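Structure first, commentary second.
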Amino acid sequence: MNDLITNLALPQEVINAAGSNNGAGIGYGLVAVGAGLAMIGALGTGLGQGVSAGKAAEAVGRNPEAEAKIRLMMIIGMGIAETAAIYSLIIAILLIFVY
C-alpha cells in the first residue's frame, strides 16, 4: 500500500534519486534545508547589530560626552551577539560537510 501511494504522489525520477546513494537524495536535501535554517540565526544577529548601532548613534547624539562608554558597551554587545551567528555558521558547515 505504501508503494502505491509513493508511486502516485512522486515522479519516478524523485523516487530513483531518493533510493540512490550519490548524495543527491532526499537526505542530502534535508541536510541542505537544515543548514539554511541554521543560518537564520545570522539574520537575527544582523538585525540586532543594526538596531544596536543605530541606538548607540542616537545616544551619542544626545550625550556626546559619554561617547567612549557608549562605544565600548556597543562593541561588547555586538561581540556577544556575533557568537550566535558564528554558532549558526558552524552548525551549517557541519551539516553540509559531515553528512
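Cβ coordinates are placed from backbone N, Cα and C, and glycine is handled just like the others.
According to Swiss-Prot, the transmembrane segment annotation covers 23-43 (among others), on the basis of sequence analysis.
According to Swiss-Prot, the transmembrane segment annotation covers 78-98 (among others).
Taken from Swiss-Prot, the feature site 'Reversibly protonated during proton transport' applies to Glu82. Around Glu82 (site 'Reversibly protonated during proton transport'), taking its Cβ as the centre, 15 other Cβ atoms fall within 10 Å, counting all chains. Taken residue by residue with DSSP, Glu82 (site 'Reversibly protonated during proton transport') is part of a helix.
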